[in-house]
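A.B. asks: Before we start, here is the structure in question, set down as C-alpha cells.
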Amino acid sequence: MEMKFGCIVLVFLGFLIFGKAEVYIVTMEGEPVVSYRGGVEGFEATAADSDEKIDITSELVTSYSHHLVKKHDMLLGLMFDRGTYKKLYSYKHLINGFAVHTSPEQAEALSRAPGVRSVERDWKVRKLTVHTPQFLGLPMGVWPTGGGCDRAGEDIVIGFVDSGIYPLHPSFSTHNTAPYGPLPSYRGKCEIDPDTKRNFCNGKIIGAQHFAAAAIAAGAFNPSIDFASPLDGDGHGSHTAAIAAGNNGIPLRMHGFEFGRASGMAPRARIAVYKALYRLFGGFVADVVAAIEQAVHDGVDILNLSVGPNSPPATTRTTFLNPFDATLLSAVKAGIFVVQAGGNGGPFPKTLVSYSPWITSVAAAIDDRRYKNHLFLGNGKTLPGLGLTPGTHSNRTFTLVAANDVLLDSSVMKYSPSDCQKPEVFNKNLVKGNILLCGYSFNFVVGAASVKKVSETAKALGAIGFVLAVENVSPGTKFDPVPASIPGIVITDVGKSMDLIDYYNSSTSRDWTGRVKSFKATGSIGDGLKPVLHSSAPQVALFSSRGPDIKDFSFQDADLLKPDILAPGSLIWAAWSPNGTDEANYLGEGFAMISGTSMAAPHVAGIAALVKQKHPKWSPAAIKSALMTTASKFDRAGKPIQAQQYSGSETVTLVPATPFDYGSGHVSPRAALDPGLIFDAGFNDYVKFLCSTPGIEPREIANFTSSSCKSTNGHPSDLNTPSIAISHLVGTRTITRTVTNVAEEETYTITTRMSPEIAIEANPPAMTLLPGASRNFTVTLTVRSVTGTYSFGQVLMKGSRGHKVRIPVVAMGYY
C-alpha cells in the first residue's frame, strides 16, 4: 500500500508546474557521523565517547557516510522526476541532510515526506597585521614559550571559511622558512588552479578547496571575477589568513614606503582554505555549511569564520538552532575550536550575529596606533585630518587650486569633477606644481569613488599633493587613513573643511563670470607616515556589534553573555590579493589596512593555535575559557576600557565599556597560556543549555542535535561558561560553576563585585585545588532594586601562585 502511495506522489509531482527554483537545506532523521551511537543494522557506532576528533578514515565512518548519502539520493529519486531538482551537497558528518536546488512546491512536498525533519530555504551570509603582535605582547611574552616565532603554532591547522587565498603572497610563502613536513592528521586536498595549472598548496597552505554549488544554482556566481577555484577574488580571505597565521617579519611596502613588518599571531601554523564567500554577493549558507563539513572531515584544529548571517534567521525561531550554528555545534563535538566575527552593526545593542555558547564570538578593538596628519594654511591655521602619505617639501608652501576652478570645459560638470576621479577633465597646466583641492561626495560613501583614484588623478596632473574636504557627513561614515604615494590629506571635520573653503574663497580673485583671475591661497601638507601610539588603547570600535545576545527572531534576550572577547579589529595591516576588489583604495596592492570584526576573529584564532600548541589535549571550551578568564578590562594607561559610541546625531564620544561591548575583556595571549583554572563544557552540556532555554521545543533540539532532552528543567545560565548572564532575575537565583585546575596545587580566594541594584555573593570564599582536580562554587544574585537596565559585576578568583581568574556577571532585576 505504502509503495503505491509513493508512486502516486511521484507521478503527481512530475506533472506539477514548478515555481522558480531555489536552494533548500533539508535535515533528515537519523544521526550524522559525529553523534551516531549505533542502532542501524549493519552499521556500528561512529560517535566518540567524549568531544574529540573522529577518525574520518576509519571503515566504520566511511560505510556509515555512504549509507546516509544513499538515503538522501533515494528519497529524492523516489519523490521527484530526474531533471526537476539538483542535489548540491550531502551533509553527513556534522548534520544529516542535503542541499537541493528545486521548486518551492517540491520543497513543500519534501517537508511532509517521512524521515524529513526540516526544510529551510537557503539564506545569505556576508563577510563580516603589522603592529598587533607587538601590541598583544606576542614576540617577547608568548612566542618564546612555543619555541620562538620559528615554531609558534607548529603543526596546528587553522581552517578559514572565507573568500579564498592568494597563494603567491610572501605572507604564505615557504622560501625563507624551515621546511614544512607532512601532517598525517590533516586529510584535506588541494585544488589545482584551472588557469595556471599550479597547485594552491605549498606546505604552509596545507589545503585549498572552493564551494560554490549554491551560488551557481542561485545564479549569483560569475567565474570571471569570482574564480572557480580557491583563488581570492576579493582580498578578505588572504587578509584574515595572514592575521592568524601569516609568516613573521614580512616587509610591508606600499608606494615606496615601508609601514613595518607583518606577522600572523601563530606564524608557523598551517593554513587550510575553504572558499565559500565571493566578492559581490557574500555567500550562501548551503555552501558555507558544506565548507565547514569538509573542514571538520579534513581534521582542522581551529575554524575561523569571518562570516555571519545578515540578520537573525527568520526561518528558525531560535538563533542557536539555525543550520549554521547547529553545524558548528557538531564541529565543537568533533573537538574543533570555532571562532566567529561578532558583526559590524555597532554601536547599537542587540546587533551581534554570532549567538551560540559553543562559538567564540569576537568584538573589535582599536589598538594603540593612530595615523594623523595636518594641513597648514597660509593664513596660519592648522587643520587636522587623515592621510597616510609623505609631507610636501619642508619650509615651502604651495598654491591651492580647487577642482571646479581648473576644469578644461564646464560641460564636464556631469562627471561630478570635484571628486577628482578622472584626470582628463582637468587643465594640467593649472594643476601642475600646485595642491589640488577635491570634495568628498556621496560617491566615496557608496564606493563609486576612492581616495586611491584622487591620488592617481593628482599625480597624473603633476600636482604636488591633494586635499579632500568633507563638507557634509552621513551618520556612521567611517574615515580610514589611506596610503598614497604623493602628499595628501582628508579633512574629515566638516567645520575644518569650512575653514579651508572660506580661506580659499577669500584669497581667490574672480572675474564677473566667476572664472579665477589669480590663485592666492597657499598651504602645505604634513608627514602622515609615522603612527602615534596612544595609551588609551584598546577601545571598543564604533562599528563592533554589541550585546545583549538574542535567543530568537523577536529579539528576546538570551541568558548568555555575548560577545565573548575583544581583539584588535580596526585599521589592521595584512596581506591582500592583488586581484582583490573588495576595497577600492587597495586595488592591485599586496597589502591592505582594513577594519571589521572580520579582522578581530583571526587574531583570536591565531592565539588559540598557540594555546592549543601548548595544551594539545584541551577541549574547545577549555581553550575558550583560558582566553576569556585571563582577558583584561583595562587599557594601557591602567584605566577601564572605553567604548566608542554616538553622542547626539553623529559625533563619536567615549563611554565606559560594559561586558555587552567586550565580553570578558581584551585578549591577553601570555596569560591565556597559563590560566590556572578552566571552566570546561562539552556537547551534552550544550544540549542541556538548549533544553533549558524557554521557547525551544524539544522536537526542534532533537532535529538539530540528534539528542533528546532528558529534562527541560534548570536554567540556561547553569551552562558552565566563564560568564554569567541572567536576563530576567526575580528575587534570588543561585548559579553553580565548576572549575578545573590545570596548574599546580593552588588555593584560590573568591571575591565578588556588582552594581548596587543586585546583591552578589560567592560560596565558598576560598578553596584549594590539587592538579587536575575540579571543584564547584556558587554565585547567588538577589534583586535589591528594579531599574529596568542591566547591572554589571564580576567574580574574581585569586590564586596563591599568582593566577587570576575573572568572570563577568550581567543581570537585569524584575519584581
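Backbone N, Cα and C define each Cβ position, glycine as well.
Pulled these features from TrEMBL for this protein:
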| type | residues | note |
| --- | --- | --- |
| SIGNAL | 1-21 | signal peptide |
| DOMAIN | 23-126 | domain 'Inhibitor I9' |
| DOMAIN | 153-635 | domain 'Peptidase S8/S53' |
| ACT_SITE | Asp162 | active site, charge relay system |
| ACT_SITE | His236 | active site, charge relay system |
| ACT_SITE | Ser598 | active site, charge relay system |
| DOMAIN | 718-810 | domain 'Subtilisin-like protease fibronectin type-III' |
A.B. asks: With every protein chain in view, what's the tally of Cβ atoms within 10 Å of the Cβ of Asp162 (active site, charge relay system), excluding that atom itself?
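C.D. replies: That number is 28.
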A.B. asks: Can you tell me how many other Cβ atoms are located within 10 Å of the Cβ belonging to His236 (active site, charge relay system)?
C.D. replies: 29
A.B. asks: So, by DSSP, how many helix, strand and coil residues make up the domain 'Subtilisin-like protease fibronectin type-III' (718-810)?
C.D. replies: 1 helix, 62 strand, 30 coil
A.B. asks: What is the interatomic distance between the Cα atoms of His236 (active site, charge relay system) and Asp162 (active site, charge relay system), given in whole Å?
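C.D. replies: Between the Cα atoms of His236 (active site, charge relay system) and Asp162 (active site, charge relay system), the distance comes to 7 Å.
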A.B. asks: Measure from the CA atom of Ser598 (active site, charge relay system) to the CA atom of Asp162 (active site, charge relay system) and give the result in Å, rounded to a whole number.
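C.D. replies: About 10 Å separates the two Cα atoms.
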A.B. asks: Go ahead and report the DSSP secondary structure tallies for the domain 'Inhibitor I9' (23-126): helix first, then strand, then coil.
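C.D. replies: So the counts come to 32 helix, 27 strand, 45 coil.
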A.B. asks: Over the domain 'Inhibitor I9' (23-126), what does the predicted model average in pLDDT?
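C.D. replies: The predicted confidence over the domain 'Inhibitor I9' (23-126), as a mean pLDDT, is 89.
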A.B. asks: How many other Cβ atoms sit within 10 Å of the Cβ of Ser598 (active site, charge relay system)?
C.D. replies: 31
